[in-house]
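Report on the structure given below.
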């Protein structure tokens, strides 16, 4: 199966992760599962990469983390999208639409 | 089965190594906790799908990505310096080395602790009569039971006790407790709800107007006794406590472990609605003959109705067989999500029988109105069945029918249809996406027919007057048509005689 190059995806990781968290708070392993399932094998993200995205978004106030109350050893950090995160996602979506239309014209245009 | 403690110990051992060269600064301990939580979730997933604990931890670690790089990035961002081998003689390095050694010792201790906890739990289960696995050998057969998880296990082994050999401790042998009884006058009551758990429940009739519920427990306890409450015109009977997990065994008729038998004697004078449900167990109704709408449901277990004369019978199970025999019921609706359905000697005004995954068998069934027999995945078998409006449909399986009476349609999404009608009162149809169709019709009255196939031979009746005859379509009449017959297959021959 054809897969997407990592550097093609890099610029959209913030939007991709925000779009997952938009559906409800979640933790690293679950978010990688959701992303990988939605990409149907064309793209896979690992947790190490996701972690750097989480940290970047958290620093920017787009998501907030809290520790779950799982028993010892299995504590998970749950992340939730914030209002700024919602705003960023909306902006990223608009960017994507523009990119999509422009690239379509540039690559497939007559 | 490996426990979370064992998984965590294996994960911690790897994290100890990865973090060994960094001091325990807050951003790093947080990172470590977060990685550990996610790894454990991944390991649980992998182990649940069958991976061994070692393989699960190794795979989760590998799939996580570049953990060393991640730690280095976080350490750099936090301004935490990595300890180098060169300065291993500095006091800080000596202290860090000691801390690392201590962490290693702690991890080893945790691992030992987990192993001990597991052994203790197993010992407790053995004491409680539920060892991890049991192997039971009798003269003829050997049965191995995995009882390591919590859950209810029911094992019936037929045969005698000669040559009985058991590894693992058998549950307590039967100690027959005195039956617990609930009684209630049902005059003025129109609704009766029976709510049981992992119990076998049997409904039988009794003369008079008093409901009697007899609960018999083997190896029971006083708090297992059920309760009865009345709310207006409704009586509710609820199961008492039940063991969280249990193993029940029957070897050659000898019972061991926890067993419960609930017999509900329904007064013959009671009319109205009667609902009985169990979570896991069999439900049996027999000889009830009164104006009652009976509803039986179980999540896991079979449903059986015998010799019933009722206004309605509804039966549903998520996993088990459904059977109804020698009964006369105005409205019948039975369904199983996974299992077979069998109706024998049943008379009804309208009847539906459905299996989500299994065979549906109707034998000597007479319905005055609509009859629907359907399966999502299984064959349909009809013998001596009559109904003026019959629908027999399966999504995957063959339909076999003989001595049919009435009118209606037989449909399969993938399977052959073989049907013989002895009396026809209206139009007939047989349709399959793939498979041959063979229909036999009575000599009189006459009929008009239309046969078609996507790929196969068409064989119309000998005495027919053909009105159309091409490679894929044949139509015509036999005698003076009193009804029509349509037979259509996507792939296969069609024979009509």
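Using N, Cα and C of the backbone, Cβ positions are placed for all residues, glycine too.
Note that TrEMBL annotation is computational and uncurated.
Remember, predicted model here, so these are calculated numbers, not experimental data.
TrEMBL lists B:93-127 with the feature coiled coil. Confidence for the coiled coil (B:93-127), expressed as mean pLDDT, is 63.
Per TrEMBL, domain 'DUF4097' is recorded for B:189-401.
In terms of DSSP secondary structure, the region 'Disordered' (B:475-497) contains 0 helix, 16 strand, 7 coil. The region 'Disordered' feature in TrEMBL is assigned to B:475-497.
Same-chain residues lying 6 or more positions outside the region 'Disordered' (B:475-497) and placing a CB less than 8 Å from one of its CB atoms are 407, 416, 424-441, 444-469.
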